[in-house]
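Going by TrEMBL, these are the annotated features:
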COMPBIAS  110-119  compositional bias 'Low complexity'
DOMAIN    153-615  domain 'Amino acid permease/ SLC12A'
REGION    39-74  region 'Disordered'
REGION    98-119  region 'Disordered'
TRANSMEM  154-172  transmembrane segment
TRANSMEM  178-197  transmembrane segment
TRANSMEM  234-256  transmembrane segment
TRANSMEM  263-283  transmembrane segment
TRANSMEM  289-313  transmembrane segment
TRANSMEM  334-356  transmembrane segment
TRANSMEM  376-395  transmembrane segment
TRANSMEM  478-494  transmembrane segment
TRANSMEM  506-528  transmembrane segment
TRANSMEM  549-570  transmembrane segment
TRANSMEM  590-612  transmembrane segment
Amino acid sequence: MAGFDQDIELSAYSHSHGLGISGNGRSGRQRSIAEASSFTLGGASPSPRTKSFADVSPGGSHGRSKSIAAASDGAGGGFHGTMSRFVDSFRRGDGTINKNLDFDDDNNTSSHGYSSHSISRGHGGTRYYDLRPGTGKINTPSSLLARELKGRHLQMIAIGGSIGTGLFVASGKTLSDGGPASVLIAYLIIGVMLFCTIQALGELAVIFPVAGSFSAFSTRFLDPSWGFAMGWNYALQWIGVLPLEVLAGAMTIGYWNKEINKAIFVTIFLVIIFIINLFGAKGYGEAEFIFAIIKVTAVVGFILLGIVINIGGTPTEGYIGGKYWEDPGAFHNGFKGLCSVFVTAAFAFAGTELVGLAAAETANPRKSLPTAIKQVFWRISLFYIVSMTLVGLLVPYNEPRLLNAQNIADASASPFVIAIESAGATVLPSVMNGVILISVISVGNSAVYGSSRTLAALAELGQAPAILAYVDRRGRPIVAILVTMAVGLLAYLGDVPSQKNIFDWLLAISGLSSILTWASTCLAHIRLRKAWAYNHRSVQDIAFKAQGGVIGSWIGFILNVLVLVTQIWVSIDPLHQGDTPLTTKERVRSFFVSCLAIPVVLICTIVHKWYYKTRWVRIEDMDVDTGRRDFGRLGIIKAQEKEERMGWPRWKRVYRFMC
């Protein structure tokens, strides 16, 4: 099948004669990337060392601009030549053809040639938001971002890319707040919700593999103002996660030496994360591939060890079984304890959706993305449900180390480490803490990737400072990366006495952000299907269909809303230890620490709507063509794949359906 797809791509490329589209009169792909590509600053001139295909093709054919290296470019060898090439890589991207670019996708992409920065328009002295340029730009999959991610990268990003302190450390807080049964119920509900959400995201991202996808989908299928808010909400979520994870890593070092200065390891972690992101999308993918393998191995090892500990018992207590579900009990703090678990559980799952964001930098999303999306089922069931069930069996919710945690990033309060220590192991707790350190770097790496790509997409839409849209010759949104890394310097505040408050507010920024993003994704998928039917399109024309369909998206959306409502209730009337009632000031603080994302999103939406006078996008106004990837002869490809599947044994058909 790979060869068949490649033949189609080459055929489409040669037919278009230098990537110019013939026959239909469309001019969208007949401009050079230097003029019309996504993620370039408006009005920027191409590099003087570049030359367009239009200048060298017979008959002056239009096409992409191709970089013609000057004779002196990188001239000479040794250190001087290496440094020259390194510095040159940071110059503005000039539209060089990416060797991984899918020509077939570009030729089947509808681009109507809208102005690059014409979002805000005047009409009779009144500002309004013109949806057409935004749709044309952000939904054009061809950008200067390098398409270097492969199928194996996406699969490991989906399986274990964002497993970090949310699972390994913060799960201790959920256990102490709600008890083991509440943890299991909450993780099951969040798991079902996220499975439906990621399936919907997969369908959207395969059709429109765009940078800044969460903002793009909300802008296109819901409301431009809501899309603006979702973009900033998602960017701020990951910007807040970076210092949180880095500081968590520095605190984890305290497991071995409590006297060491945290700033030393904050510096080390920030430098490592920055270096990884200097290698662009491929560096991110390779790093996450390695990190995910380590994390997955650790979780599987813990599951096996946990079963042995539960059956064989500890040196002091013998067989454990379900003893801790009886004493101190399965639930803690009743129904409110269950509701309090949801937001921390959502924080643990956050980052699963990064696989959709990475679609814009994937060489062949039609093949890679569906497989990666299906891996989410195994991630949810194996790494979260099974591991948290074992944690609940091995660690009682009244364990003193859980109650004495300084904050949610205190690795000494990790229930995984506590469970291993309870078995009398001497080396394995250190190994588990080493895995937590790797997880910190991994999630920090994902935070820089997710926030920088979202900021660059917002800037391209005119919804963020234009400088953030700068993409260099290596396909890196380098300015957005630097901005995110600058916010990461907040991790140096870990040595101040009020570090718990810092953690609380960093978590407040990212806590409910994921819930809002997931709910918007489900609703955008529902609206896409309605627009698809309105335009008389068949569901068979969709390259990857969500396994739950529209019903699954409704389930995901309703569960997201219910989790949001319960979290608001718990934040207004939080869990409280002791007989003294909370003061009004303490309740207000509790609300904003838990639900800061809600007022931020509402303010962004209201201000943007007031300024641009936007309205809810009607079904008849939705554009389901611009930026869509048709993948060449999709019908022929799917027919051959179906014929190939008919020859598979039943076990393989079931396996491929799930994976």
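The chain as shown is numbered from 1 upward.
Backbone N, Cα and C define each Cβ position, glycine as well.
Touching of the transmembrane segment (334-356) and the transmembrane segment (478-494) is ruled out by the presence of fewer than three CB pairs under 8 A, sequence neighbours closer than 6 excluded. Within the chain, the transmembrane segment (178-197) has long-range Cβ neighbours (under 8 A, six or more residues past its boundaries) at 171, 324-325, 328-333, 337-338, 340-342, 345-346, 348-349, 352-353, 376-377, 380-381, 384-385, 388-389, 391-393, 397, 518, 521-522, 546, 548, 552-553, 555-556, 559-560, 563. Through the fold, the transmembrane segment (376-395) approaches residues 158-160, 163, 167, 171, 175, 179-181, 183-184, 187-188, 191, 194-195, 198, 296, 299-300, 302-303, 306-307, 309-310, 320-322, 324-325, 348-349, 352, 355, 402, 415-416, 418-419, 422, 658-659 of its own chain, all at least 6 residues removed from its boundaries and within a Cβ separation under 8 Å. Scored by C-beta pairs under 8 angstroms, the transmembrane segment (549-570) has its highest count with 506-528, from the stretches 154-172, 234-256, 289-313, 478-494, 506-528. Beyond the transmembrane segment (289-313), the same-chain residues lying 6 or more positions past its ends with a Cβ under 8 Å from any Cβ of the stretch are 152-153, 156-157, 159-161, 163, 319-321, 382-383, 386-387, 390-391, 393-394, 416, 419-420, 422-423, 428, 431-432, 435, 438-439, 441-442, 445.
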